[in-house]
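Trainee: Please see the structure below; I have some questions.
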Amino acid sequence: MSRPEPDAEPREAAAPAERPRPGRMANVAKKVSWSGRDRDEEDEPPAAGETTPLLNGAGPGAAGGPPHSRPFTHSPFLRLGQLSSVDLDDNVRELETEAPNQFPSEIPHSEKLLSLKYESLDYDNCENQLFLEEERRINHTAFQTVEIKRWVICAMIGILTGLVACFIDIVVEKLAGLKFSVVKDNIDKFTEKGGLSFSLLLWATLNSSVVMVGSIIVAFIEPVAAGSGIPQIKCYLNGVKVPHVVRLKTLLIKVCGVILSVVGGLAVGKEGPMIHSGAVIAAGISQGRSTSLKRDFKIFEYFRRDTEKRDFVSAGAAAGVSAAFGAPVGGVLFSLEEGASFWNQFLTWRIFFASMISTFTLNSILSFYHGNPWDLSSPGLINFGRFDSEKLGYTFQEIPIFIVMGVVGGILGAIFNALNYWLTMFRIRYIHRPCLQVIEAMLVAAVTAAVGFVMIYCSSDCQPLQEDSVAYPLQLFCADGEYNSMATAFFNTPEKSVVSLFHNPPGSYNPMTLGMFTLMYFFLACWTYGLTVSAGVFIPSLLIGAAWGRLFGISLAYLTSGAVWADPGKYALMGAAAQLGGIVRMTLSLTVIMMEATGNVTYGFPIMLALMTAKIVGDYFVEGLYDMHIQLQSVPFLHWEAPVTSHSLTAREVMSAPVTCLRRIEKVGTVVDILSDTSSNHNGFPVVESSPDPTQVAGLRGLILRSQLIVLLKHKVFVERANLNLVQRRLKLKDFRDAYPRFPPIQSIHVSQDERECMMDLTEFMNPSPYTVPQDASLPRVFKLFRALGLRHLVVVDNHNEVVGLVTRKDLARYRLGKEGLEELSLAQT
Amino acid sequence: RRPPPQSGPEGWGLGGGRRLLSLELLEEAEDLSLALLGTGLPGQLPPECRELLVGFANSSVRLTGCLVRSARPVRLCQSCYRHFQSVTEQLENITRAVGNSSESNCAKSLLMSDRVQLVVILSQFFNSTWKTANCANCLKNNSEGLSNSTIDFLDLFNTTLMCFERNFQGQAINFVPSNHTEVCRNCSQTYRNLNALYNKMQKMTGQGSDSEHRTPLCIDVEDAMNITRRLWSRTFNCSVPCSDTVPVIAVSSFILFLPVIFYLSSFLHSKQKKRILILPNRIQSNASLVNIQEKYS
């Protein structure tokens, strides 16, 4: 679309990754006569396009799609697919002529969209000749060195993740301690003299000003650091390149943001962000350089590609889980659960190593910090404390009770998710400006403080003061030597509240307090998740669950008139597990995480039952919180399998067509034009045999990526220059790795007029054996191949090995099993 | 060769005392006979060990008595520290006896020659009790007496109680249950001092360790403070905090109202974000689309 004349200079109007918005179109329209997507010219007759020599055949509607549609005749490009069948072409034409009346159209955001912003990772290794050469050059010992380097990197990932976790933990403890002591002194002062409303104001202002800072850095500097980061990492492990997600800047913002939001008293935890932090650390270390800091340490150059990087990111995520919960096995299983299709045994073992190192580092540093070196008793950021299995054992009769708790957790989790869904939708539609987001976060912080204060104020539940049970005992209206028991829940960091709900002796909370707390905290946590602050949802869920679980336990003890087995702490744990399972719907990894965090294998079975029931019940209503947010972000996420009822769809219906192909020996001008075409930001181009005769069969020869082409253009690897011996050296794989991961945009590469006439030989650089499927392959078959191999492009060929279409992630991700059977999502510009 | 059975320093009624005395005499006789019986055989307990055992028995009897007697109100540390010390000494004697004579290994025969190991159990019990009560906290470093701060505190505590008593007696005549204004007025200063001292002591002990695992003060001090506080705020109802419900409700409802305004205004004034739909181009006849819809509807 709007392709310039061959002699026109390359456009610099818009970055290729971005589609021109109406505002920008003016810029482009100066140079080209007509633009199909310009809404002002929507009513222009489509025939105009057909008569224009440059645009013949390719209607404006067709041009909107990611595959660039090509002119049919007298064009330098090859038009593939036109030979396959005549009536097919007619169909295409029909659609194309209808298109301008329907598109472009604007719709409000909904979950049934796929954003163009997200691209795939190149997980598939490109086995071109350079790669083979390098492999031949490196001998056996060098490969062993690479293996050793992998272990070293994993160890470093573990250590650094542990250190970051320590940093967060210590700073949060210090700052929160400072805040609570200031507010406590103030409250104590005003309790005697009167004027408690000032304490309330002080608390609310402190909270919202801290949260304001946390929200500003997220909203204005790095919006991808918002939230827990688990959905983003899930997407990354799934194979989606989420922009900026593994940058150093994101890590910094994430760490500061999470500290500020926890100190700001929001209903959030610092555990989820640890996973994201671990992932960023892994991605950074494995590359041996920082593109943001412009520092290259010249190490680990072998790992500069998506395949290796993603393996390390899964190690980093595992290390993050392990540091957050003290659950190394849980961390490994988390990575397994989220990225399982690209898995092998050695990788698992390495990831386990990274997890162990991470929890060990955290443990030893914290043991020094707490003044008992090498005690190694705090393996994670949250420590559920010891559950004495003798006292808190469970009996066979209790199993139905745990299942009932699972059902409750599932229902509550579904309500939580449904509420959060509406809220998030509202936020995406209306609160999209950064300053509004900051204000919202501040308001939530202020309200959280106000609600907490009012609850504490109204509560008359006083408990005798014990030395080490309460960190910041608030007396308020209680008698001297007693403290307000509501305050232990609200006037504390959420982690501490969870632990006190688990472990405080029976009778520490009265049922009224717990009921009110559950209700309030449920809404607060639901409201908080999705704000533009970096914060996790694990701890709030655990807290809600622990509160109602404890309530459950107390009522059980009341009903059975104080039976020995009805210990509220045990039920608090089960409630926490059920609630968390009902909200996030993770199964295997969550069970193991809970088991490891409690340090009690006996509880494995009841926790598993509770989680399982919660997931089954919850899935009946809505899906998990993370999946929901992934959908709302319009990420092309590939689930485990294709929708069950999709066998009748064939690759022919799924694929994008026609495809922009390159010839094996292609003119530079053509390549530049294709790459700088703003209407299509394709990343992979099938390479076909270059034959002068257009009627001859042009079989598929390979696949080349945009990034490779850009590197080739940058180094001016042209046939003519090679013939004139102008090229000093042959291009090596290293040149491609050096450019990774931020390849320069095509606009930054200058190609002179003479050079446009040169030819490029792509044979050496293309992937000579791309994966292909026949046209009749069913969707589940294509899906399986795509998902299991982590592909980015899957070429659809006909019987003569001619390219008829290309299947990309978005083509597969758009089929989804909805309420009324199979649904198709639409692509949208976000 | 053993001290005469002693009656406790205080407390026993005469009759009970006599019965106990006779019991003890009986026990002693048994001890003696057993000892005589055993001396001849090589495997039996040597007399010096028996002596040690009896020493430990006596001191533990004294300590147990003291502990129980000072259980309520708690005076454990003040009154029993000497007894505790002597028990520790006796135990040390037993353990130290190992090196002295190899042929009569008292430690071995007393501490680890049977399954029950009563001496060990007892000494463990004493130690754990002492640790739970955290008596070390209000004793001097070498356990030779109460520490200065504890003595000060107990003095002040006594003064406070006296003050309570003095003022309360005046009121008890015209018994008004809730109104003890006189006590509150007169003793407020002493009570405050006591509270402040207690808090200071708490802070001092908490300094060394971190906030999570604070070592508590010793039980005597804690209990004394608890009693005083309970008297002060429950019995006399002296701590009446000002409750200003109206401003709190006003401020909190103002804060709660803000988000409502925020959401409403952003709903009304903010432009809804629109997504631009993009038509994918693919070979897909309308027929096949209909086909799909038929299949799944």
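Numbering starts at 1 and runs along the chain as it is shown here.
Cβ atoms here come from the backbone N, Cα and C positions, even for glycine.
TrEMBL: automatically predicted annotations, no manual curation.
Relevant sequence annotations retrieved from TrEMBL are reproduced here:
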| type | residues | note |
| --- | --- | --- |
| TRANSMEM | A:151-172 | transmembrane segment |
| TRANSMEM | A:200-221 | transmembrane segment |
| TRANSMEM | A:251-269 | transmembrane segment |
| TRANSMEM | A:312-335 | transmembrane segment |
| TRANSMEM | A:347-369 | transmembrane segment |
| TRANSMEM | A:399-423 | transmembrane segment |
| TRANSMEM | A:435-457 | transmembrane segment |
| TRANSMEM | A:512-530 | transmembrane segment |
| TRANSMEM | A:537-559 | transmembrane segment |
| TRANSMEM | A:571-594 | transmembrane segment |
| TRANSMEM | A:601-622 | transmembrane segment |
Trainee: Output the single range from A:151-172, A:512-530, A:571-594 maximising the number of Cβ pairs under 8 Å to the transmembrane segment (A:601-622).
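Mentor: Answer, by Cβ pair count: A:571-594.
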Trainee: Counting Cβ pairs closer than 8 Å, which of A:151-172, A:312-335, A:347-369, A:399-423, A:435-457 has the most of them with the transmembrane segment (A:571-594)?
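Mentor: The stretch with the most close Cβ contacts to the transmembrane segment (A:571-594) is A:399-423.
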Trainee: Who are the long-range neighbours of the transmembrane segment (A:347-369) in its own chain, taking Cβ under 8 Å and residues 6 or more past its ends?
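Mentor: Counting only partners 6 or more residues beyond its ends, the transmembrane segment (A:347-369) has Cβ contacts under 8 Å with 150-151, 154-155, 157-159, 161-163, 165-166, 169-170, 278, 282, 311, 314-316, 318-323, 326-329, 331-332, 335-336, 375-381.
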Trainee: Which residues, given as numbers and ranges, are at least 6 beyond the ends of the transmembrane segment (A:435-457) yet have a Cβ under 8 Å from it?
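Mentor: The answer is 196, 199-200, 203-212, 214-216, 219, 264-267, 427, 474, 476, 484, 486-487, 490-491, 516-517, 520, 524, 527-528, 531-533.
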Trainee: Same-chain Cβ contacts of the transmembrane segment (A:399-423) under 8 Å, 6 or more residues past its ends?
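Mentor: That would be 522-523, 525-527, 529-530, 541, 544-545, 548-549, 552, 556, 571, 574-575, 577-583, 585, 606, 609-618, 620-625, 628, 632.
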